[in-house]
């Protein structure tokens with residue numbers, strides 16, 4: 001009885017039909033970027049300080065620069081060993097006093113010259129922003145006043161829901177919900193509504209991206225599957241570069257949100273452009289529909305389907321389970337091992353990947369250039385996998401990428417700040433390693449589960465990615481208050497553990513067919 005992989009060998013493993021499907025889904029992968037890492041630009045924390053009544057007039061009279069104004073009128077605090085001006089407090093004094101001089105005006109309010117005895121109050125009159133454009137955070141500052149300074153900086157990530165109704169329907173539903181909620185984020189009247197609509201996006205967006213990934217890998221033959229999967233993720237990297245350019249050109253967050261959301265409505269054309277996965281249809285005993293799609297593939301590829309291969313019924317059809325459950329993910333020792341290791345790898349990938357991006361944000365520098373340059377590192381990661389994955393198998397690149405990411409994070413944390421070039425080189429190696437791990441886990445996760453369980457297996461395991469997304473901001477921002485490099489140490493430990501688990505994962509072959517049997 002021929003399998004779908006056998007049929008694809010005759011009608012084209014990556015012909016014109018699959019190439020068109022891959023191209024339109026690669027566009028979708030690139031458009032996913034603003035949802036996954038968009039908070040870097042949509043919610044960046046701008047340089048700001050307290051708006052103080054009377055200071056603008058004093059600055060004009062004295063001819064101060066902005067730096068001089070901040071130095072003369074705001075209290076100081078020590079942050080990571082550096083003395084900086086406070087962003088959340090100001091002196092409780094009246095700057096409208098006419099007797100103030102321009103050289104050291106704060107001394108007028110103390111007789112001993114000790115500025116520390118002057119009482120401090122929160123920023124009760126708003127903030128001044130030394131940045132072009134706006135972000136969600138700057139609007140939060142305006143809406144919530146001084147309450148902002150006690151807010152956490154966590155992003156809204158929640159586990160994606162899973163679907164069991166076919167790849168195409170799942171994809172279209174997530175596109176529609178994501179597009180509508182994205183527009184609503186842009187026009188939300190308050191921060192609370194931004195959170196609600198962003199939450200809805202988080203519930204559906206990654207499920208759509210993973211469903212598209214599964215769909216395209218099920219369309220192509222075995223010899224092209226790993227390349228297609230990796231290049232699909234390279235499209236995400238292209239999206240990173242484009243997003244950085246758009247964010248620079250559109251600095252106001254509401255217009256930026258609209259600019260990256262509106263194109264998603266065009267993906268609803270997938271209803272006419274893309275068919276359902278024939279592999280999924282066969283597993284669901286819908287052979288007639290699957291055969292119709294297979295014949296369309298053969299026609300577009302200018303191939304002829306042999307009549308002997310038109311019987312698509314599975315050999316173990318009677319025992320096939322069409323409605324998977326969570327218990328199926330831990331039913332046998334082998335698949336239980338797959339599930340647990342993959343869940344931890346998804347968690348590790350999310351924590352380190354997003355953590356490195358967030359840590360880059362608190363390290364200073366030009367956020368647009370830093371984001372752009374760090375994204376470029378992801379292209380060598382894809383090229384390395386394409387050149388090595390079929391030669392040495394999945395296990396060793398998988399383990400090596402985790403070990404490299406963990407070791408690079410540890411080295412980055414230990415390199416002193418004055419060796420900036422070496423520190424950035426180590427950080428880029430960490431980004432390279434975790435990108436390879438991310439691309440590997442997507443590929444391996446889709447291969448290790450049988451067809452009827454694949455969507456559920458990928459989405460359940462990848463839900464740990466969302467949990468990692470929830471935890472990561474707290475790791476970065478809270479631990480950095482203790483020591484700026486402490487988050488990198490945590491990333492190192494997490495990555496090295498995952499590398500060890502990957503090395504102990506002994507049964508994985510260098511080439512893997514998409515199985516239809518849960519026993520595999």
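Note that Cβ sites are derived from N, Cα and C of the backbone, with glycine treated the same way.
Keep in mind that this is a model prediction, so the values were computed, not measured.
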Residues flagged as transmembrane segment in TrEMBL, choosing from 228-249, 294-315, 316-337, 426-447: 228-249
Dominant neighbour of the transmembrane segment (228-249) in 20-45, 169-189, 195-216, 368-389, 396-415, by Cβ pairs under 8 Å: 20-45
Two-stretch contact, the transmembrane segment (456-480) and the transmembrane segment (486-506), at least three Cβ pairs under 8 Å: yes
Within-chain partners of the transmembrane segment (255-274) [C-beta distance under 8 Å, separation at least 6 from its ends]: 20-21, 24-25, 27-28, 31, 34, 38, 41-42, 168, 171-172, 175-176, 178-179, 182-183, 185-186, 215, 243, 246-247
Region pair the transmembrane segment (341-362) / the transmembrane segment (368-389), three or more CB pairs under 8 Å: yes
Top partner of the transmembrane segment (368-389) among 20-45, 169-189, 195-216, 396-415, 486-506 - counted as Cβ pairs under 8 Å: 396-415
